[in-house]
């Protein structure tokens with residue numbers, strides 16, 4: 001029998017409090033805050049701008065440049081959390097590694113996982129070169145000329161270019177001929193999270209579909225770490241940004257088994273406790289590793305309505321050492337609600353109409369500022385099958401209209 005001690009949770013805002021700090025307080029972080037608070041955890045939310053969604057529900061909020069190691073160390077030392085939970089990539093992960101090595105704080109799932117996944121180079125080299133997992137052919141380059149040479153030297157056309165540090169499809173494009181290279185290079189330089197720099201160029205895989213396999217490392221009843229899988233999530237992207245997702249996505253038994261093997265290999269190497277969003281390309285029974293996020297995934301917002309425990313509850317339970325339940329409740333779908341306007345303090349119309357249909361729900365993220373293509377909310381739906389759920393979720397998101405405030 002394991003000697004792992006049973007978790008003991010304290011009372012928020014008291015000397016017994018269990019304190020968790022989230023680095024990143026967007027819409028995903030907000031749901032993690034809520035899940036942790038339901039378990040009696042005292043939560044501190046940190047983001048680079050004021051009034052972020054997670055700030056609005058946390059016990060305390062800080063505005064900090066999380067890529068500044070000195071500023072990040074200061075807020076961690078001030079709050080003295082028991083656990084630090086990175087919710088975005090753009091963080092001074094070298095500092096997290098140092099703090100974890102010092103025994104000053106525990107990082108979920110691990111500081112190494114946060115460090116390796118903060119850019120595409122670390123995780124791709126781990127997956128392809130260390131673990132030997134199947135991936136698209138790739139090269140990392142630093143100049144437009146090197147990009148041309150990589151394509152001519154074997155990557156070929158079409159190919160995909162992405163900044164090594166970006167999210168939500170920013171800076172990502174498809175290069176179909178030599179005429180596209182200059183524009184694609186400029187777009188990648190503009191889309192990187194920390195400015196211009198290194199990119200990955202990948203050979204194009206003719207896949208049938210892509211999935212997110214939410215993979216959870218959590219303590220079992222005996223205290224041992226057990227890996228569990230949610231049902232596969234299908235999703236559709238436009239310009240590299242998720243616009244809808246659904247669960248479960250139909251797969252052959254062989255493809256599902258191979259997907260789980262790949263997810264088990266990469267998450268097992270990254271280690272720790274928590275949820276991982278493993279992105280995979282699938283063609284028939286063949287599966288290729290694409291990316292992994294050591295945190296809840298945007299396509300996983302469908303689990304807010306489709307699962308017994310959603311991805312945020314799974315992450316919260318796992319990082320606290322509690323058992324999890326990854327079962328699907330009912331086929332479901334999510335559909336993004338975009339801002340559509342450039343304004344602060346927007347208002348949402350059509351919400352009653354959106355929720356009039358049975359088996360629907362909605363999340364409005366509470367972002368203080370709207371942009372044309374900024375995610376401001378998500379429509380959710382369940383139905384007897386995925387196709388019905390997708391159509392219903394689309395009706396929910398389309399019914400909501402965003403307008404500038406008075």
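Note: Cβ is positioned from N, Cα and C throughout, glycine not excepted.
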Checklist line | N(1)-(5-phospho-beta-D-ribosyl)glycinamide binding, same site as 27, 28, 87, 367, 374, 375 - Swiss-Prot member from 152, 285, 298 | finding: 298
Check: Roughly how many angstrom lie between the C-alpha atoms of residue 210 (ATP binding site) and residue 27 (N(1)-(5-phospho-beta-D-ribosyl)glycinamide binding site)?
Finding: 23
Checklist line | Predicted model, mean pLDDT over the domain 'ATP-grasp' (125-320) | finding: 95
Next item on the list: Count the Cβ atoms, other than its own, that fall within 10 Å of the Cβ of residue 167 (ATP binding site), considering every protein chain shown.
Entry: 18
Notebook entry, point to check: Nearest to residue 367 (N(1)-(5-phospho-beta-D-ribosyl)glycinamide binding site) by Cα distance: which of the binding-site residues 120, 167, 202, 204, 279 is it?
Noted result: 167
Next item on the list: Round to a whole number and give the Cα-to-Cα distance in Å for the pair residue 279 (Mg(2+) binding site) and residue 27 (N(1)-(5-phospho-beta-D-ribosyl)glycinamide binding site).
Entry: 20
